[in-house]
């Protein structure tokens, strides 16, 4: 009987611990219907929104007291249309300022919880920071980070990338002041965890080698590279553009021959550039895809052009099997694969400031250098 009671007590303790752990990791994504409703709630709770709403009180009094309705109307329209814009800007700046005040606590959470590159590992960090910010009156709600991914993104854009781009200690101290030692410790913990991921990834990769039978590069299937590019960029999304082009041709007659010629040329270059960027966006959806690309480059035994051809074949098969790309034609040939590496990976090592439209992939810098060394590329000037 006593043994059963002891077992029951233990099971209750385990259940209560799990419940506490679950409660600890509840995030706004579990509370709100979607990110839009969370965003609207945050705006509604902000001081800027309340000030904007209070502005309507003196405006309504002005409307009643003024004999001329034109001036109140103009001011009301300005407040109506420009007000939301300023509210959004002020809220964004407030979030940035609040986070910058708690960099030390941010670093402590990372050092303690040791999250990896997997967004799910950031759930505890996000939940703890949400509670800490609210309890210490850094933020006026319990929902600063919507989910783990937003917390991970904040870490990269606020700490990892800006700090890694600072090459000398004086620049780091000037930007981050007393937070420098805490940031260094947090980045070391994160880098060590990522290195373990990299080694585990390579071990698993060795256990499941590529099946390269019956793989041919697009250069062997298409007569010209231009044909391959045209097949990629001309699809239903381009249909409105070309309908617009034919409309211009029909309405302009013979008056504007230059526009007739320039429009398709410009659109071709724009769509080609978008296609190249789209490939990187697709590859960046998961960290494992970028790790796979770099690992394939590092471990390729063939050298020169043949080596890049083999890398292109392996990546074409991998991305198709992982349903990242809808066919085995991600890279046209080895030269295209080499250009892609230089453009979207190797170039990151020479950047001096963060990119607003893409990640710097700081975690991958050591492996990008290793891949560059393995392919015997010339160093950037």
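Any Cβ shown, glycine's included, is placed from N, Cα and C.
Sequence annotations record features per position, and here Swiss-Prot assigns topological domain 'Extracellular' to 1-42 (among others) based on sequence analysis.
The transmembrane segment annotation in Swiss-Prot covers 43-63 (among others).
Annotation source Swiss-Prot lists topological domain 'Cytoplasmic' at 64-72 (among others).
Swiss-Prot lists 73-93 (among others) with the feature transmembrane segment.
The annotation topological domain 'Extracellular' is assigned in Swiss-Prot to 94-237 (among others) on the grounds of sequence analysis.
Here Swiss-Prot flags 238-258 (among others) as transmembrane segment, drawing on sequence analysis.
Residues or ranges marked as topological domain 'Cytoplasmic' in Swiss-Prot: 259-381 (among others). Residues belonging to the topological domain 'Cytoplasmic' (259-381) score a mean pLDDT of 82 in the model.
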| remark: What DSSP reports for the topological domain 'Extracellular' (94-237) is 108 helix, 0 strand, 36 coil
